[in-house]
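Report on the structure given below.
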Amino acid sequence: MITSTAAKVKVDPRDAKLSMAHFFVAFSALALGGLMGLLQTLVRSGKWELPWGIDYYQILTVHGVLMGLVLTTFFIMGFQYAAVSRTTGGHSSAARRAGWIGFWVMLVGTLMAATMVLLKEASVLYTFYAPLKAHWIFYLGLTFVIVGSWIDGAAQIMTYARWRKNNPGQPSPLLSFMAVINTVMWIVATLGVAATVLFQLLPWSLGLVDTVDVLVSRTLFWYFGHPLVYFWLLPAYMCWYAIIPKIIGGKIFSDSLARLSFILFLLFSIPVGFHHQLTEPGIDPAWKFFQVILTFMVVIPSLMTAFSLFATFERYGRSKGATGLFGWFRVLPWGDARFIVPFIGMAAFIPAGAGGIINASNQMDQVVHNTIWITGHFHLTAATSVVLTFFGISYWLVPHLTGRRLTKAMNKLAIIQAWVWFIGMVFMSGSMHIQGLLGGPRRSAFSTYGGSEQAAEWIPYQIAQAVGGTILFLGIILVLIIFVNLAFFAPKGEEEFPVAEAENPEEKAPMVFENWKLWLGITAALILFAYTIPFIDIIQNAPPGSKGFQTWSKW
Amino acid sequence: MAKTVLKTNQKTEMEDRSSLKGTLASVFFLGIFIIVTWVSVYYLFVDRF
Ligand code: HEM
Ligand SMILES: [Cu+2]
């Protein structure tokens with residue numbers, strides 16, 4: 001009874017409009033960024049060259065910025081905004097106004113940065129490492145994106161706070177709680193990148209100062225850069241923990257376990273940025289090692305998630321009468337795109353996670369650092385686990401928001417889409433991993449490196465990447481067809497926004513999980529502990545600052 | 001005789017419903033996969049450095 005009424009709960013149409021606005025930007029970024037990805041693999045195969053003086057590092061910047069920053073941030077903000085609306089009963093008009101302001105500020109910032117990249121004023125890749133120097137409008141645009149995301153995220157926090165006030169002593173709805181954890185983590189993390197952009201890169205690109213402290217700016221970037229990847233991942237986990245069980249007809253294995261794992265992600269995602277700087281001189285190895293230990297703490301909530309998903313599936317399967325060790329696996333709803341598309345994402349997280357543990361293993365990082373293995377790794381994490389889950393979400397969320405239905409034909413096309421993606425990624429990411437182990441560098445156009453023997457070994461793998469990239473691009477075309485269909489052409493109707501219930505609803509989540517003073521306090525303490533001393537050391541023993549460099553060809 | 005058969009049937013079914021044996025096997029598989037990949041790259045590391 002409760003379930004059947006809950007199924008009818010709709011996101012308020014005014015909130016739906018704002019979510020859809022985010023999705024239009026996100027899927028436009030996917031279209032353009034996907035084309036760049038294809039071109040990159042073609043260039044790297046050595047069989048094709050970019051026309052009209054377009055430069056490899058320019059399209060690589062476009063790809064990284066659009067896929068890594070624009071697609072993700074806009075999709076996540078749109079999804080979380082809808083999830084909070086759905087589970088709290090809707091946003092207030094003040095929160096909605098904040099959401100719209102945030103959206104527009106982010107969009108203006110995106111357009112400013114994009115214009116500079118297209119004018120070849122900012123081929124600095126999506127990490128914009130100093131001493132590569134972009135036009136100041138690029139950095140100002142990024143500032144707008146960050147500030148806009150804070151305002152946008154404030155909408156979710158406002159609505160969450162109102163719900164808490166109206167329901168004293170009650171644990172908040174799981175999806176809202178998760179969305180707010182992710183937004184809070186994002187705000188704490190972006191303080192670092194905002195600091196380097198505002199205090200270092202903007203004054204430097206404006207010519208107010210001549211030099212920049214490279215290590216300080218890279219350290220502030222990676223203080224942000226690691227939680228960035230968890231900011232991408234947690235919305236996928238929201239779907240896996242709290243939505244997928246409903247889609248398959250099962251229950252959440254444990255509501256408290258889900259909340260605890262999100263809190264652990266908040267605590268341990270931030271004080272670990274040094275694991276991206278393990279080969280970097282100028283940072284005390286003892287502090288690198290300490291952050292490596294904290295990095296391994298993140299393995300705990302990841303494995304908790306794996307356990308709880310397996311358990312949800314097994315419980316459901318056995319309730320359907322499945323027997324034996326793995327009988328439950330067979331009765332899962334393999335014909336339902338809302339399930340299988342994110343499921344392929346989950347499966348990809350197994351090799352992705354294993355690769356991540358290798359990357360983080362202090363000394364072993366030397367085997368893979370700055371090789372194309374890394375690119376292979378995050379095309380499994382971000383470009384498969386995360387985006388396939390995002391696609392799977394949009395296949396029901398877009399029609400839910402536009403008052404349409406996911407038809408049988410589109411459901412089938414969506415399943416094909418996910419398999420095409422999977423096959424393309426096996427080729428592309430697989431060959432990137434191997435080429436990386438053979439020493440092939442990332443962020444590199446085609447080169448024979450002066451006829452080197454070792455570089456010749458890499459070429460077959462680069463050709464395999466082009467094959468995979470072509471298949472993946474077909475996958476992107478399918479996603480776009482489905483998205484446009486669901487947004488504009490699918491038949492009118494009702495599509496459910498699935499929200500799962502816990503297996504034991506009488507077991508209320510402990511209220512300590514909602515104690516923000518406590519969790520933010522521990523987060524701050526861990527960050528201060530992990531960063532204060534090494535950061536003082538970095539500043540006190542800094543080499544002379546560097547002037548700016550522009551290594552790329554200009555128009 | 002017939003009674004005993006019925007009893008065993010019921011018992012297995014009860015056990016099966018709440019069992020998380022498959023989950024245990026799956027997380028073991030996951031752990032082994034992680035260790036095997038890690039060790040293979042570890043040997044590559046030892047070989048090279
Ligand atoms: C058609 C699908 C895709 C193809 C063919 C593709 C291809 C590539 C290639 C070849 C590179 C590395 C080039 C190099 O290091 O020189 C790359 C980098 C990258 N890709 Fe993709 N990719 C695709 C989809 C995605 C998606 C969906 C995401 C994110 C959600 C993504 C995020 C990134 C990022 C962040 C980089 C790093 C850029 C950099 O190093 O500055 N890609 N991609
Ligand atoms: Cu990281």
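Placed from the backbone N, Cα and C atoms, the Cβ positions cover glycine too.
Where the annotation comes from TrEMBL, it is an automatic prediction and has not been curated.
Features of the protein shown, as given by TrEMBL:
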DOMAIN    A:17-555  domain 'Cytochrome oxidase subunit I profile'
TRANSMEM  A:59-79  transmembrane segment
TRANSMEM  A:100-119  transmembrane segment
TRANSMEM  A:134-153  transmembrane segment
TRANSMEM  A:174-201  transmembrane segment
TRANSMEM  A:221-244  transmembrane segment
TRANSMEM  A:256-274  transmembrane segment
TRANSMEM  A:286-310  transmembrane segment
TRANSMEM  A:339-358  transmembrane segment
TRANSMEM  A:378-398  transmembrane segment
TRANSMEM  A:419-438  transmembrane segment
TRANSMEM  A:458-488  transmembrane segment
TRANSMEM  A:518-536  transmembrane segment
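By the Cβ criterion (under 8 Å, sequence separation of 6 or more), the transmembrane segment (A:286-310) is in contact with the transmembrane segment (A:518-536), since 3+ such pairs are found.
Contact between the transmembrane segment (A:174-201) and the transmembrane segment (A:100-119) is absent: fewer than three CB pairs lie under 8 Å, with pairs separated by 6 or more positions in sequence. A:518-536 is the stretch from A:378-398, A:419-438, A:518-536 with the greatest number of Cβ pairs below 8 Å to the transmembrane segment (A:256-274). Long-range contacts of the transmembrane segment (A:59-79) within its own chain (CB-CB distance under 8 A, at least 6 residues past either end) are made by residues 18-23, 25-27, 29-30, 32-34, 36-37, 39-40, 50, 102-103, 106, 110, 113-114, 117-118, 122-127, 145, 149, 152-153, 182, 231-232, 235, 238, 382-383, 386-387, 390, 393-394, 397, 443. Against the transmembrane segment (A:221-244), stretch A:378-398 shows more Cβ pairs under 8 Å than any other of A:100-119, A:134-153, A:378-398, A:419-438, A:458-488.
A contact between the transmembrane segment (A:458-488) and the transmembrane segment (A:134-153) is absent, since fewer than 3 of their C-beta pairs, 6 or more residues apart, lie under 8 Å. Between the transmembrane segment (A:378-398) and the transmembrane segment (A:134-153) there are fewer than 3 Cβ pairs closer than 8 Å, counting only pairs 6 or more residues apart in sequence, which means the two stretches are not in contact.
Counting only same-chain residues 6+ beyond the ends of the transmembrane segment (A:419-438), those with a CB under 8 A from a CB of the stretch are 41, 344, 348, 355, 367-368, 371-377, 379-380, 383-384, 388, 454, 457-458, 461-462, 464-465, 467-475, 478.
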